Every structure is written in structure tokens, then in C-alpha cells.
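Below you'll find the structure, written out as C-alpha cells, and then a few comments.
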Amino acid sequence: MIFASKRLYEAFKLLFPPGRFRYLLVGLVLLAAIISLTEMLVAKLFSTIVLESHKGDTHAFIKNSILFFAVFLITRTAHFVQKVYRVSVFDKAFLSSETKVARLAESWRWALAFELTSVLTLLTQLIVISLYFVYMNPLMGLMNLTFSLLVMQCLGFLFKRQLASQLGFVEKKKNREHVETSVRVASRIRSGEIGALIAGIGMLFVLAALLVLSYKNVITASNTIVFFFGIRMLNHSLQSISSGLMRFARASANSDE
């Protein structure tokens, strides 16, 4: 994953000039961390409502339900703001850049920026949720970290191979060699889906560990529900990182053209 990290950092430096716009992008990525924490809070509130509803405490039920919907609404709103505002950040960053590019290269620069921020956001969510797991239960958290790192290493390998393929397609295009569209698209999609499959298998092991620890009462029922929601979020993040990295490889190769 070191190779992929270097490419992400190089794209970050290339797209966003030093100063205000870099800080804005970092702020958007950090907002993703806050969103991830609030989503875990939503899961915790939901588990509390479900498990304690049978106690007949109407006041507590109403209070927790109102808090649940309020936090859920705040989370969705923050997610919307983060997605929409980044377009404005890209536009202003590109306008302030002294580098002038052709129209085709401009479209690839936009694609590169979108994939970069998407992957960085997903990576931030992955880190935040994993650290929250460690806070909730160190043993479960370390198991999750182990499998998540293994999955990320596999994704890094797939990214490196896909970038080489995309650079090869660009080189053939320069040499006026024809490459079927189906070949180029299939290469990217196949790599992304292989990564998604690896992520799914990795999270299955984490889920199995959760069931064992819950069965042995190492983890409470309330926290088991939270972990389950968290694992689903991690699985989605890893699968999205896989497809995002492959799209980033395509945009990166064409941006270098």
C-alpha cells in the first residue's frame, strides 16, 4: 500500500496548491472522520433503544429516539455538505493554479480530484472506525486492524498492477495502437471486483471473530450490535476503496499523458 499512498500524495500536491485549498481539502477529509464517529454513535443509540425498550421506561425511550433521529439527520446533512462543497473547492483550486492544461486533460484532472478525495475520505473513515473498535474492545479492535491491513495490502498490489495496465493503454494510444474499449473497462472493473471480494472475505473473518467473542460474553450484546454495524461500514469502505483506487489509477495514467 506504500506505492498507492505515494501516488495519492503526489496527486494531492499536484492538484492543490500550497495554502488555503490544501487546508480546505484536509478539512473536508477530517469532516469525514467526524461523520464516521457520529455514524457509530447512531449505531450505539439504536442498539440502546432496541435492547432497553422492553424495560418500559417511556421517558428514556422517547429521549433516546429523539436523539437518534437528530444525530442521524446531522450525519446525513454533514455528508451532503462534504460531497457538494468539494466541487467548489476543486473549481477554485484549479482556477488558482498557474498550470494551464488542455480541455481533455482538464476533464481527467477533475476525475483525478474526485477519486483522490473519495479514496482519502474512505481511508479516513476506515482509520476512525478501526480506532473506535480498539477503544470499544482492544481484542476485537486488533483483530479488525490485522485483517483490514491485510486487505489494504492486497488492494495496494491490485492498484499497482492496474496503474501499469492503464499506463500501457495510454502508451498504446500515443502509438496509435487500437485497444478495445471492453478490454480497458474490463481490466479496471475486474481489479476493483477482485479487491471487493478480498475485502468481503476479510470482513467475514472479522465478523466470525465478533460472533465468537459475543458468544463467550467478551463483548456485550449492545456493543455486538454496534460492532456489526461498524463491520458493515468497514466492508463498504474497503470495497469502495478498491473500486476507487482502480478509477484513480485510470485518471492518474491519463493525467500524466
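Glycine too: its Cβ is placed from the backbone N, Cα and C atoms.
No curator has checked TrEMBL annotations; they are predicted automatically.
With a threshold of 8 Å between CB atoms, the same-chain residues lying at least 6 positions outside the transmembrane segment (21-41) that come near it are 12, 71, 74-75, 78-79, 81-82, 85-86, 89, 92-93, 96, 117, 120-122, 124-125, 127-129, 132, 226, 229-230, 233. Taken from TrEMBL, the feature transmembrane segment covers 21-41 (among others).
Look at TrEMBL and you will find 61-81 (among others) tagged as transmembrane segment.
Proximity of distant same-chain residues to the transmembrane segment (110-135), defined by a Cβ-Cβ separation under 8 Å and at least 6 residues beyond the stretch ends, is recorded for 8, 11-12, 15, 25, 28-30, 32-33, 35-37, 40, 82, 86, 90, 93-94, 141-142, 144-145, 148, 227, 230, 233-234, 237-238, 240-241, 244-245, 247-248, 250-252, 254-255. According to TrEMBL, the feature transmembrane segment maps to 110-135 (among others).
Annotation comment: TrEMBL describes 141-159 (among others) as transmembrane segment.
Long-range Cβ contacts of the transmembrane segment (194-213) within its own chain (Cβ-Cβ under 8 Å, at least 6 residues beyond either end) map to 137, 139-140, 143-144, 147-148, 150-151, 154-155, 158, 219, 224, 227-228, 231, 234-235, 238-239, 241-243, 245-246. Annotation source TrEMBL lists transmembrane segment at 194-213 (among others).
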Within-chain partners of the transmembrane segment (141-159) [C-beta distance under 8 Å, separation at least 6 from its ends]: 1-5, 7, 126, 130-131, 133-135, 191, 194-195, 198-199, 202-203, 205-206, 209, 231, 234, 238, 241-242, 245-246, 248-249
Same-chain residues at least 6 beyond the ends of the transmembrane segment (61-81) whose Cβ lies under 8 Å from its Cβ atoms: 31, 34-35, 38-39, 41-42, 45-46, 48-49, 52-53
